[in-house]
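Worksheet: one structure, shown below.
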Amino acid sequence: MESVIPNTVEDQQSGERHSISKGRFDSQLNINYTNNVKNAFDRNARTMHGTMFLFNGFRFLGVYMPEKNRLFYLIWSFLINSTVTVYLPVAFILSFAKISGEDLQIGNLLTSAQVAINVVGCSVKIILMGFLLPKLLSTEKFLNRLDERCKTAEELASINKFTKQGNRFVVLFSVAYWSYSTSTCISAVAFGRLPYNIYNPFFDHRQSIGHFILSVLMEMTLLNIACFQQVVDDSYAVIYVNILRTHVDLLLKRIKRLGLTVSMSHEQTYEELKLCIIDHKNIIEIYNIVSSIISITIFVQFTITATILGTTLINILLFATNFASIVASCFYVLAVVVEIFPLCYYTQYLMDESNLLAEVVFHSNWMEQNLPYQKMLIFFMQRSQRVMEFTAGKLFPITLNSFLSIAKFSFSLYTFIKEMDIKERFGLN
C-alpha cells in the first residue's frame, strides 16, 4: 500500500514528478466520449424527459419559441401575454380604482387584493423567465453528458424515476393552484357575484344573466392561465433542484464503488476517478446556471408571500362572511404555501447531500491505489467541499429555516389580530 504523503527525498522527488497542479489536473480530465455507443440515450433514459411537461407549459404560455411556425406562435404569444401578463394585473388595479361605495365590501376587496398581489408577481416572474429561459436551456448539454454515464440498471432506474417525478411536479402544482381558482369561482357564483370583480370593459355583469356568465367565464379563463403561469414559474425550480439531487446521488454511488472492483487495474480505476471528477464538474456547471436563475425569481416570490399570507389571514379572521369564502381563502393559503415550501424542502436536501461528497471521497478505497490516484483524489476532495446552497436575491438562503420564518410571521400576525379583538370592537361578528 502506498502512502499519499512522501516520507523520503526519493519519494518527494517521485511525488513531484506525479504532482498535479490545477492546470494539469484539469488537463488530465480529457475523456473521449465517442466510444460510448451504448449509452443512456439508446436505453431511452434522458433527464430532459422529466422536463417535458414544464417546457410544453412554457411553450403554451408564449415564452418558448418553437423551430417551426414561428409567425403563428408570435401571434399566439402576443394574444396570451397581452391578455394575461399585461391586461390582467392592470385590470385588477383598475378594479380597485373604479369600485363604488355601494359595491364596497371589505371581504370581497381583500379576496381580490390577495390575488392581485400574486398576479402582479406572477407577471413579473413570467417576464423574467422569458429572458432567462435560454440560459436554463443551456444546461441540456451538461445533462446529456451526465446521462451518458448512466449505464447500469440502477442508474437508468434513477433517471427514469426522476423523469416521472419531474412531470408529476407540474401536475401537482396545477392541481393545487386550480383548486383555489375553482373553489373561488364556485363560492362567488353561488352568491351571485363575480369571483374577483376585475375591471371588464367588454361585459357589464349587471346588465343581464348572459353578460354575468360571460364575465365569469372571462375572469376564470384569464385567472386559470395566470395560475398556469404560476405553475411553470414555481415548478421549474423544484424540477431542476431534483435534477441536481438525482445526479449527485448517482455520483455518490459511483465514488463509493471506486477501487472495489477486483477485475479493474489501477489504471482503470484512475480513469474511473477522472470520469467521476468530470461528472462533478458538469453538476457544478448546472448548479451555477440554475442557482443564478432561481435567485432572481424566488426573491420576487419571497417578497410577496408574506404580504399575501397576511392579507389572506386578515380576510379569513375578520371579513369572510360565509363558509364558502373561508374555504376558498384556505385553498389560497395552501396554494401560497405550495409556491415556496417544496423548493425550500428540496434545496435543504440538496445541501445535505452535497455535503456528503467530500466525506464519501475520503472514505472511498483510495489506500490501495497508486500515488497519482491519491494525489488526484486530494484535489477532488478539495473541490467537492463546495456546498450547493441556493439564495434568494443573494440575500438569504433558501432553506427550511427560511420557510419557517415566513410561517412564524404569519402565525404571529394571526395571534396579534386575535388578541386585538378587532371583530368584537368593530362589530364584524
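Every residue gets a Cβ built from N, Cα and C, even glycine.
TrEMBL: automatically predicted annotations, no manual curation.
Keep in mind the model is a prediction, meaning the values are calculated, not measured.
Per TrEMBL, the feature compositional bias 'Polar residues' maps to 1-12.
The region 'Disordered' annotation in TrEMBL covers 1-20.
As annotated by TrEMBL, transmembrane segment applies to 71-97 (among others). Long-range Cβ contacts of the transmembrane segment (71-97) within its own chain (Cβ-Cβ under 8 Å, at least 6 residues beyond either end) map to 60-63, 65, 109, 112-113, 115-116, 119-120, 123, 126-127, 196-200, 222-223, 225-226, 229.
As annotated by TrEMBL, transmembrane segment applies to 109-133 (among others).
Per TrEMBL, transmembrane segment is recorded for 169-191 (among others). Counting residues 6+ beyond its ends, the transmembrane segment (169-191) has Cβ neighbours under 8 Å at 53-54, 57, 111, 115, 216, 219-220, 223-224, 227-228, 230-232, 234-235, 238-239, 242, 322, 324-325, 327-328, 331-332, 334-335, 338, 342 in the same chain.
Look at TrEMBL and you will find 212-232 (among others) tagged as transmembrane segment.
Away from its own ends, the transmembrane segment (289-309) comes close to residues 114, 117-118, 120-121, 124-125, 128-129, 132, 135-136, 138-139, 233-234, 237, 240-241, 244, 332-333, 336, 339-340, 343, 388, 390-395, 398, 402, 406, 409-410, 413 of its chain (Cβ-Cβ under 8 Å, at least six residues beyond either end). If you look up TrEMBL, you'll see 289-309 (among others) marked as transmembrane segment.
Residues or ranges marked as transmembrane segment in TrEMBL: 316-341 (among others).
Taken from TrEMBL, the feature transmembrane segment applies to 395-417 (among others).
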